[in-house]
Amino acid sequence: MEFPTRFDVIVIGGGHAGTEAALAAARMGSQTLLLTHNIETLGQMSCNPAIGGIGKSHLVKEIDALGGAMARATDQAGIQFRVLNSRKGPAVRATRAQADRILYKAAIRHMLENQPNLTLFQQAADDLIVENDQVVGVVTQTGIRFNAKTVVLTTGTFLGGVIHIGMQNHAGGRAGDAPANALAKRLRELPFNVGRLKTGTPPRIDARTVDFSAMQQQWGDDPTPVMSFIGSRDEHPEQICCYVTRTTEETHDIIRSGFDRSPMFAGNIEGVGPRYCPSIEDKVNRFADKDSHQIFVEPEGLTTNELYPNGISTSLPFDIQLKAVRSIPGFENAHILRPGYAIEYDYLNPQDLRHTLETKFIQGLYFAGQINGTTGYEEAGAQGLLAGINASLRARDQEEWYPRRDEAYLGVLVDDLITMGTQEPYRMFTSRAEYRLILREDNADLRLTETGRKLGLVDDERWQKFSEKCEGIAKERSRLESTRIHPNTEAGERANGYLKQPMTRDQSLAELLRRPEIVYDHIAEIGAERAEDPNVADQVEIEIKYEGYISRQADEIERLRKNENTALPLDLDYDVIGGLSNEIKQKLKDVRPETVAQASRIQGVTPAAVSQILVHLKKRDLLKKQSA
């Protein structure tokens, strides 16, 4: 049958990418359908019960700055919060939260069920309806046809999913869920480059069978950091302790004894796994000189005994898993509630996408999340948000939007994927961003919330809090610049108490704050006044202390923006451009870069080749500027 309502946007999949995509499109006013195989698993944390971390929290904050759900759900579900790299510079500081799976899923579902313009429907999608290279709808497993102007695919690990435990394997999208085989078959019929990747998860442990006294305690920060720019510590549930233990040489011997029955070593798994989250058998094999590996023992929630042993993801046979777990200090009598497993699944080459995450071959079709070769909730959520935004814009015939590399980690993520592709699950790190001093976790709202407001993503409550923060920053910055301290005053004596070289002339509080030995708390004592909002104080301190570095990065960005804004026609014939080697021509044809700057980032494309392209465009009057 044909469903009576025609939608602007259909989102397939209710994981972290799908929920952000659906919420974004609906917030912008598009009539949106979220199609999921099971409404009970909306927002489910399929692997580790945590949000954030190095590079990842930057994405969470950017999602939040654009009105997304992930940070708000984390504040409502976080049972331990920590700031990582707190002693390092502001560019690499990152917030990480341990989350209660049940509370997190409930928070996401509440947002979905109470979002205007959003309809939920439980059915697996089996087919895409494509007419004249344009997607026009979806057909479900029971033959229901949903018509729409745009479709966002966020299929996670479900496309052709195969679960491996030892030499046994079976079809599955994750433990307990069927794979999306019909949809996987349909995508292979379309002009996409399909590959295989794999990921894994550790066995879950019953906390009642664990000796925590044999482990090191790891408490969160107090006071707890807040994930959302509009969040509050009052939202945080009870805070709990995590634990740390380590594998032993006995553990490694047991693991090695199972190598002959490991699907990874036996060649049963063709997909490449995540480099930065390897299985324990991979770690033991690759780092044979190490006699132990760290394991973070993370409770999965306040109302469950289930523990997540972070660091021992595995697809070894269950008998080996059990022996290995029980050789670890504190786990001698451990009961495994769920065995660890590896899952292999289809992904599509992200070089087949545009920066908006729309496919190059089929108009109105967008991909987000693990289907694009990424790993991680945060990477998925950020892509989902961007895909939802652009699906909504296209459905209303409005100009597309995406952030540049100098505007957001989301811009770095997408540009990396579509420019270089990926042969392994892609994870975000701060080191991937060349402008990381500008793309800090703390200023994601200053970078993106105004854009989010223009796009219709940011509600009045968030906009008011953002406006108050901006006003507070301007006011405090002005106070620090205008308040002068004289050496021969009481305030001057207080200042000299912190300085290695005493003041010889009067200085503003801002000048003093630029001195390496002075921090904002000192300034508050010297000036006998401080900003009421600690977020304002942090922002002002960073802006003033790192002003020179930030200014230099801004100048570099301005120089490069000329090429970033020079568009390349997607149908440009590289074969007729003189001076390009066949290798460079092929790389350009494979990627089909959208801008001159993107072309310059393709491995092997030389500055001379970029110059030849510019000359060709100028001769044929094809030079165009874009505003994205």
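Using N, Cα and C of the backbone, Cβ positions are placed for all residues, glycine too.
Sequence annotations record features per position, and here Swiss-Prot assigns FAD binding site to Gly13, Gly14, Gly15, His16, Ala17, Gly18 based on sequence analysis. For 273-287, the entry in Swiss-Prot reads NAD(+) binding site.
Of the candidate binding-site residues, Gly13, Gly15, Gly18, the one lying closest to Phe287 (NAD(+) binding site) when CA atoms are compared is Gly15. For the binding-site residues Ser279, Asn285, the greatest number of Cβ atoms within 10 Å around a candidate Cβ is found at Ser279. Once Cβ contacts within 10 Å are tallied over all protein chains shown, the binding-site residues His16, Arg275, Lys283 are led by His16. Rounded to a whole number, the C-alpha distance linking Gly18 (FAD binding site) with Gly273 (NAD(+) binding site) is 23 angstrom. Compute the center of the Cβ atoms of Gly13, Gly14, Gly15, His16, Ala17, Gly18, which mark the site for FAD; besides them, the chain residues with Cβ within 8 Å of that center are Val11, Thr19, Glu20, Ala21, Thr36, Gly43, Thr154, Gly156, Gly369, Ala380, Gly384. Between the CA atoms of Lys283 (NAD(+) binding site) and His16 (FAD binding site) there is a gap of 28 Å, rounded to the nearest whole number.
When the Cα atoms are compared, His16 (FAD binding site) and Cys277 (NAD(+) binding site) turn out to be 19 Å apart. Taking the Cβ of Glu281 (NAD(+) binding site) as centre and 10 Å as the limit, one finds 26 other Cβ atoms among all the protein chains shown. Cβ-based neighbour count (10 Å, all protein chains) for Phe287 (NAD(+) binding site) stands at 12. Minimal Cβ crowding within 10 Å, among the binding-site residues Gly13, Gly14, Gly15, Gly18, Gly273, is found at Gly273.
Rounded to a whole value, the Cα-Cα separation of Cys277 (NAD(+) binding site) and Gly13 (FAD binding site) is 24 Å. Distance from the CA of Ala17 (FAD binding site) to the CA of Gly273 (NAD(+) binding site) is 20 Å. Within 10 Å of Gly13 (FAD binding site), counting CA to CA, the binding-site residues Arg275, Ser279, Glu281, Asn285 contribute nothing.
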